[in-house]
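Before any comments, here is the structure.
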Protein chains: 2
Amino acid sequence: MRTSMLALGAAAALFTGLAATAPTSRAVAADPAADVIAGRKAAFLLSGALFGQIKAGIDRGDDPKALGFAARALAGWARAIPGMFPAGSGAAPSEAQPAVWSDRAGFEARAADYAAAAAKLAELAKAGDKAGFAAQFGEVGKACKACHDAYRKPDDHH
Amino acid sequence: MRTSMLALGAAAALFTGLAATAPTSRAVAADPAADVIAGRKAAFLLSGALFGQIKAGIDRGDDPKALGFAARALAGWARAIPGMFPAGSGAAPSEAQPAVWSDRAGFEARAADYAAAAAKLAELAKAGDKAGFAAQFGEVGKACKACHDAYRKPDDHH
């Protein structure tokens, strides 16, 4: 239990500072890469907000069935992530590391890990397994962090 | 108050059936358009899940300050939406209407309306205005619907 609570804390900490990073206007894109970068950054904030709502639900002791749609949405986004990092979309304001493209197989494997962890979270939600859901939420956070540590530039918000 | 409750119901109804639409695997993309379509569909599900969590928070009588990040994330996504509909990304499985491109100014105006409505929602959250937040949530849902009615194909889920 101690381990899962630590994992939960680590998962929540991932998004610390995210609220301050929301863009205030859509950049006028001169190229498709800028649009896809803006899109994936916006979806990352959606993920972060959803992560926060799931954590709040766990903290309240909610029936995890009420959080299953959120978990499935995270899994769906995880599966879309590789496609949101096309070649040539690594310039600022992207925070992607060059390894996203130079180690593509590794990057896609980490995204698949995230999708699998979120899909398992959704299964535990469906089963109404409150303790399992809380523990698995920590695993989802670790899957996010494993990918970010390797493929996302460190920034001031982390 | 009656009006805002009706609006709230309409907002919630927008996402009816969404849970069933989550993709079970990432399509292998033969072209960048397929990737951006998968990305925007996944982000739509994130939005839907977040919408559901906000509604649940309103129904519980939560302090709207706990929902401000979610509102800002919706606004950020709204601003990214036009860029996620590049030319040539209208084929199946996209549910976008041709008007997204033939009436681009109208489409971008509806997306901007959504962004403005969500930004106002975030302001009301920050102010801790519970009644105002609940009423504005209905307005956000109406902004979604106004755009979908004009620019998204009707489907079995609505």
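Any Cβ shown, glycine's included, is placed from N, Cα and C.
Model, not experiment: these values are computed from the prediction.
What TrEMBL lists as signal peptide is A:1-21.
Per TrEMBL, the feature heme c binding site maps to A:Cys144, A:Cys147, A:His148. All protein chains shown were included, and the count of other CB atoms within 10 Å of the CB of A:His148 (heme c binding site) stands at 18.
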Identify, among the binding-site residues A:Cys144, A:Cys147, the residue whose Cβ has the fewest other Cβ atoms within 10 Å in this structure.
A:Cys147
